[in-house]
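J.: According to TrEMBL, the active site annotation covers 260. TrEMBL lists 99, 171 with the feature substrate binding site. Annotation source TrEMBL lists Mn(2+) binding site at 172, 284. Sequence annotations record features per position, and here TrEMBL assigns compositional bias 'Basic and acidic residues' to 55-64. Residues or ranges marked as domain 'Fringe-like glycosyltransferase' in TrEMBL: 79-328. The region 'Disordered' annotation in TrEMBL covers 51-73. Residues or ranges marked as transmembrane segment in TrEMBL: 6-25.
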């Protein structure tokens, strides 16, 4: 009897147990899903929020970016032109009628508007012809203080201009404008460039004056001013703490060296920027007879002077004799610009060097 009752109750017990297990399983499932639900629902919104934050940051960064930078990104830089180059010629009063007169007659006549003559003496004859003459307060001596004084004036006048390059030359240099433009336009726009030719085959060694009457050895490359050199505006702006106003002369006094050495010291030692060496600049300190005539129109600068009791100048035949043109600047100029009024008539119908030699 008891066994029969148990047998009848067994299905009910099993059903009840099944229902309890099912309810327990459902409760466990709900309990497990509650902590995970927010993460499951937040997954998609979190991606959207990240995208929104990124987009907002991009917009903010674009607004904060300088207008000049954004303009450069949108519009390519215009090509460099000769008028973008501030050409500074350093001279002194006693050379106005000789060295300077030769330059005014030749290459400066082609770059008149953007060539500036830095001197220590006024000259009404030069000014009346419309040339840009800057009379400094610098002494006429050939001391490193006087030379640095004029270089400081060149730097300050360039910084006050809207030009992109400062190119310095001496009054015994011939500048080929076309070759100069070809050289400078090959450099990336808005880059730190100091280009010229060293007069030494090794870095310059000097003593830098420190506080407490102490010194330290320094070495650096510099482009000799007698061959000419160029500085980009971006680099010139970085030089300001050591070059603007009276600072250039003060820096020159620190190493007790002239202007061209001081420029190299500022660029290489103070700023840590390397000079770009170029063999297209030439001074009277090198043997100019070694220049091949066919390569002369590709050179940026030429020079002349006495070397071992002989005139050191480029070797070019024809046009003018060496007595008529000892520097050979007039000969070079007529080969570059044969239609110049004072050039020989025979050259006027010939192709200029600029047409058949320069690219």
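Just so you know, glycine gets a Cβ as well, placed from its N, Cα and C.
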J.: When you rank 99, 171, 260 by Cα distance to residue 284 (Mn(2+) binding site), which of the recorded positions ends up on top as the closest?
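T.: Of all the candidates listed, 171 is nearest in space.
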J.: Taking the Cβ of residue 172 (Mn(2+) binding site) as the centre, count every other Cβ atom within 10 Å, in any protein chain shown.
T.: 22
J.: To the nearest whole angstrom, state the Cα distance for the pair residue 172 (Mn(2+) binding site) and residue 99 (substrate binding site).
T.: 6
J.: Using a 10 Å radius around its CB, how many other CB atoms surround residue 284 (Mn(2+) binding site)?
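T.: A 10 Å sphere around the Cβ of residue 284 (Mn(2+) binding site) contains 21 other Cβ atoms.
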J.: Where does residue 99 (substrate binding site) sit in DSSP terms: helix, strand, or coil?
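T.: In the DSSP reduction, residue 99 (substrate binding site) maps to helix.
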J.: Give the distance between the Cα atoms of residue 171 (substrate binding site) and residue 260 (active site), rounded to the nearest whole Å.
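T.: Approximately 15 Å lies between the Cα of residue 171 (substrate binding site) and that of residue 260 (active site).
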J.: What is the separation, in Å, between the Cα atoms of residue 99 (substrate binding site) and residue 260 (active site)?
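T.: Spelling it out, the Cα of residue 99 (substrate binding site) and the Cα of residue 260 (active site) are 20 Å apart.
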J.: Suppose we draw a 10 Å sphere around the Cβ of residue 260 (active site). How many other Cβ atoms does it contain, all chains included?
T.: 26
